[in-house]
Amino acid sequence: MPFISETASAIKRRFGFNDRPAPSESLRSVPCTPEANTVSRDNHTHQSLLFSSAVRSMPELDEDGAICAGSAQISRSQSFEFNEDPAFWKDHNVQVIIRTRPLSSSEISVQGNNKCVRQDNGQAITWIGNPESRFTFDLVADENVSQEQMFKVAGVPMVENVVAGYNSCMFAYGQTGSGKTHTMLGDIEGGTRRHSVNCGMTPRVFEYLFSRIQKEKEVRKEEKLHFTCRCSFLEIYNEQILDLLDPSSYNLQLREDHKKGIHVENLKEIEVSSARDVIQQLMQGAANRKVAATNMNRASSRSHSVFTCIIESKWVSQGVTHHRFARLNLVDLAGSERQKSSGAEGERLKEATNINKSLSTLGLVIMNLVSVSNGKSVHVPYRDSKLTFLLQDSLGGNSKTIIIANISPSSSCSLETLSTLKFAQRAKLIKNNAIVNEDASGDVIAMRLQIQQLKKEVTRLRGMGGVDNQDMDTISMGCPASPMSLKWDGFNGSFTPLTTHKRMSKVKDYEVALVGAFRREREKDVALQALTAENEASMKLEKKREDEIRGLKMMLKLRDSAIKSLQGVTSGKIPVEAHLQKEKGDLMKEIEVLRAQVDRNQEVTKFATENLRLKEEIRRLKSQGEEGERDILNQQIQALQAKLLEALDWKLMHESDSSMVKEDGNISNMFCSNQNQESKKLSSIQDENEFLRMQAIQNRAEMESLQKSLSFSLDEKERLQKLVDNLSNELEGKIRSSGMVGDDDQMEVKTMVQAIACVSQREAEAHETAIKLSKENDDLRQKIKVLIEDNNKLIELYEQVAEENSSRAWGKIETDSSSNNADAQNSAEIALEVEKSAAEEQKKMIGNLENQLTEMHDENEKLMSLYENAMKEKDELKRLLSSPDQKKPIEANSDTEMELCNISSEKSTEDLNSAKLKLELAQEKLSISAKTIGVFSSLEENILDIIKLSKESKETEEKVKEHQSELGSIKTVSDQTNARKEVAEKKLAALRCSLSNFASSAVYFQQREERARAHVNSFSGYLNQKNEELDVIRSHKREIDAAMGKIQQSEAELKSNIVMLKIKVDEENKRHEEEGVLCTIDNILRTGKATDLLKSQEEKTKLQSEMKLSREKLASVRKEVDDMTKKSLKLEKEIKTMETEIEKSSKTRTESEMELENTIQEKQTIQEMEEQGMSEIQNMIIEIHQLVFESDLRKEEAMIIREELIAEELRAKDVHTNMIERVENALKTLENQNNSVSGKIEEEVENVLSLVHEASRLLEVSH
């Protein structure tokens, strides 16, 4: 990967943004080193252009180092106040600052001084776009703000928070080239000098931090304040953590536990003591950081860097040791970038993808944190990215965070600037919970005991003050560490047997023993708490396992739903686009579940190792508790028992001394004052004895409690050991059971990842075509809009014509209705309103009539009762009149009674006649009243008819409403069917268009297939040719190897012959020497042996000549062997080269075959999609016909319902007219009677009653 040179000048080019001397004398040059002045600047280096003169309101440098006067002038004219708020951090934990960089000379040359943002004040900024967007933040820094001002506003409060014990974090966010690295690091080499204006936030922060630490040490000398600072520097490159201070480390892992929190394992931490040490570490880490050149930034950061400093402080105050610690994170994020703008390719594109992924995860985390701060329960995906996981405490946790959002005012970066402003606006709503990280520890129990003892000592000394005043010869000395005292008696010279030093040592021993016991008990409590915490962790692990099971169940449900949706797609119930979208969502959910399972599996292994470690720790603690601590406790118990015995012995001895003093006092009787002193002395000794006794009892109780706590802790350890063993066994079983599932899930994840990679590759290929077709799409959209408007106008005209035709048809049917449908509807509505008002009036009238009817019914009942009474009286009168006729025979029989009653009978006849006349009058009057009552009955019949007609009118109204609602529902259904028909027509057009595209793509894939086949055939031919050549070479090599074998065999034979000849020659030489010696001794006797010697000499010469020939042959054979070996080596090399070529060609052939298979598969998929499209077109055509049929059916139903509605309206009108006639008749009858009928009937009935009473009275008189 091409990186920029890591020399000092390169670091300056990267982070320095050094100020350069301007040619104009009006502006004062910034002092800097010669090295910084000699560094050359490039016009495309955005960072160097960004903050090249922080002192001069950040004006622009061009290629020659000249200041861009226009930009400087504009920036000066638009400057605002930039000051800190001292009370901000009291109520807030997150601060968001916007920083704008100046325009570069290249941007000014292209677009002038136009900007995409406008600063309104020190807290508000407006994005100039369509539409304008105004944003409000804590602070807004324009291009006039220098590094020093930025540090005073953001860096100084952060250092104060760190010194106060708060975790703090500062990170810069923005697109690439917006000035993040300059803001955070700046000129690092310049930071080593005190007056460098271009050094960034990090060196300034640490310079101020160490000066602040030095001031704290000077102010708090008495408290023995001690600071330690440890620094680490890491980067996150392609989602891998690298240690910038140790380049050999690679792919470090993030860990989380309850002690250290979130930390990087095996990360190098260096202790620093000054700002120079920190700058040195920064320079070392910056030299190892990944940077590369893009179109937008020559020195673009390709990774996120996190510089962490842990500050710890300790001091002692009033016997209590305070420990305060804080973590400071300074983060330089890599900038988000577009492939189109940055021109990233290859490795740069991969880096940009990982950067954008982590930044998008950061944005998602901030969005979910905002939702959480608003009270919603949303999962915050910290673990989706290593950056967010590392900054978990800084985002929504225990930290005070400063976010510096760097933006570019260039119009070409307006969309990126808007995205950064929206990100900062969301981040402003995060709520952190920052607390002071401080711990205080000390011997609180020992201090309490000492305070009690000192109080007792003070009270005792106050009580002894009177004795000291009475006798100056007695000196009393109080010991601060013990309630006992050392007294010197001037007369008898007696003193306590235990000296002050011994008492103090005893008390200290007691205190140390007690403190040790309490500390051990506290450690036991801490150990028990840790074990309970581990138990809770194991329970959480079990819950996570249950969550995994739920996730698997959810995956099964998703699979079932996917199968159902596929069945629906095959059956044609569900469209393909909806199915694909749903399948994509299900796959994303499944991937999330699988990711969570993978994370949980890692956690399971981590917890398993943690459990093993805890087992070992518990075993070790148990062995220590069983072996070492018991011995220590036994020793302490024995020491306490010895001290208790010593105190009791001293008490007994002191009591004997006091008895001896008493005897001496009784014998002498000379020192009265000594007796008083002795009594005081005895009282003090008794107090001391009482104190010792209480202390012994307390020690014994403490020993018993310690023994109990020891036994309880051992039992608890055994119980927890068993619990941990059980949990570990369960965990191992679950891990084994989940092993197969995890493997299957991993395979599924791999396949899904491969599928996603294929899809992303296709999207990348389609991206190029999409860019080309975007303009054509815009033109087509405009044309479609025009066509849609024309279509809407035609539809409106068609609807108007249809309404006019329908109104005309209804005009022929209805005689009274108007010509068009709209007027008919209006008249119908008016008629309905009139009918409603008439119905309300009718209801009122009916109510009044009903009230009158009830009154008439009451009166009628009264009259009927009177009539019945009158009829009863009439019957009685008739019966009375008939009774004298029946009594006449009886009276005639009695002569005496007839004589007496002749006169009375005459009178009675007269009375009877008058009574008959009155009764006849009453009967006539009753007949008249019966006629009047008949009028009431007719009126009642009219009212009943009116009620029936009102019910009928209500029923007709309800029917009319039902028909109207049916008509409205049919209209809505028809509208829906029309809309569905339009959608179906659009889909049909889209399908036809897509089918045409599929046809063109099928042709394209056919061509690709032909090319791939030709490629495969060419490679296969080439491969066959190479294989044939390789076979020829191998056969040639085999022949050479066979020849070499023969030659080697002949060489071996020659070697063996030479050896044999050498042996023979040696034998002949030996024999010749022996025979030569014998010939010199006796030449005469052994003449035959001389001839033999000559023969042997000849044989020797023959052998030597043969040996020479064989050696020559051997030399020639060796030459041939060497030639053969060279040829074989050459052939082997050729074979190897041929094999490598064959392997390469075979790989390329396999790749081409794979490409061919992919093209064939894609072609098949396109054909399948084309077939599906044809089937869908057929289905759409059928659906359109069905919709047309339904719309026609709905129109006919609407026509029928309208006819029924008209008939019901006519019927309602008839009923209404009949009801009105009946009501008018009833009213007329009531008016004619003029409400006097009831009065007349009452008068007539009263007259009848009076007549009946008179008749009855006459009858009584006649009797």
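The backbone N, Cα and C atoms fix where each Cβ goes, glycine too.
The annotation ATP binding site is assigned in Swiss-Prot to G174, Q175, T176, G177, S178, G179, K180, T181.
Residues or ranges marked as coiled coil in Swiss-Prot: 679-737 (among others).
The coiled coil feature in Swiss-Prot is assigned to 764-805 (among others).
The feature coiled coil is assigned by Swiss-Prot to 831-881 (among others).
Positions annotated as coiled coil by Swiss-Prot: 905-966 (among others).
Per Swiss-Prot, the feature coiled coil maps to 1091-1168 (among others).
Residues or ranges marked as coiled coil in Swiss-Prot (evidence: sequence analysis): 1193-1251 (among others).
Swiss-Prot lists 35-44 with the feature compositional bias 'Polar residues'.
In this model, the domain 'Kinesin motor' (93-430) carries an average pLDDT of 84. Sequence annotations record features per position, and here Swiss-Prot assigns domain 'Kinesin motor' to 93-430 based on sequence analysis.
Summarising the annotation, Swiss-Prot assigns region 'Disordered' to 21-44.
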Count the other Cβ atoms sitting within 10 Å of the Cβ of G174 (ATP binding site), across every protein chain shown. 27
According to DSSP, does G174 (ATP binding site) sit in a helix, a strand, or coil? coil
If you count other CB atoms within 10 A of each CB, which of Q175, T176 wins among these binding-site residues? T176
Protein Cβ atoms within 10 Å of K180 (ATP binding site), excluding its own: 27
Cβ neighbour count (within 10 Å, all chains shown) around G177 (ATP binding site): 31
When a 10 Å sphere is centred on the Cβ of S178 (ATP binding site), how many other Cβ atoms does it contain? 31
Which state, by DSSP, holds T181 (ATP binding site): helix, strand or coil? helix
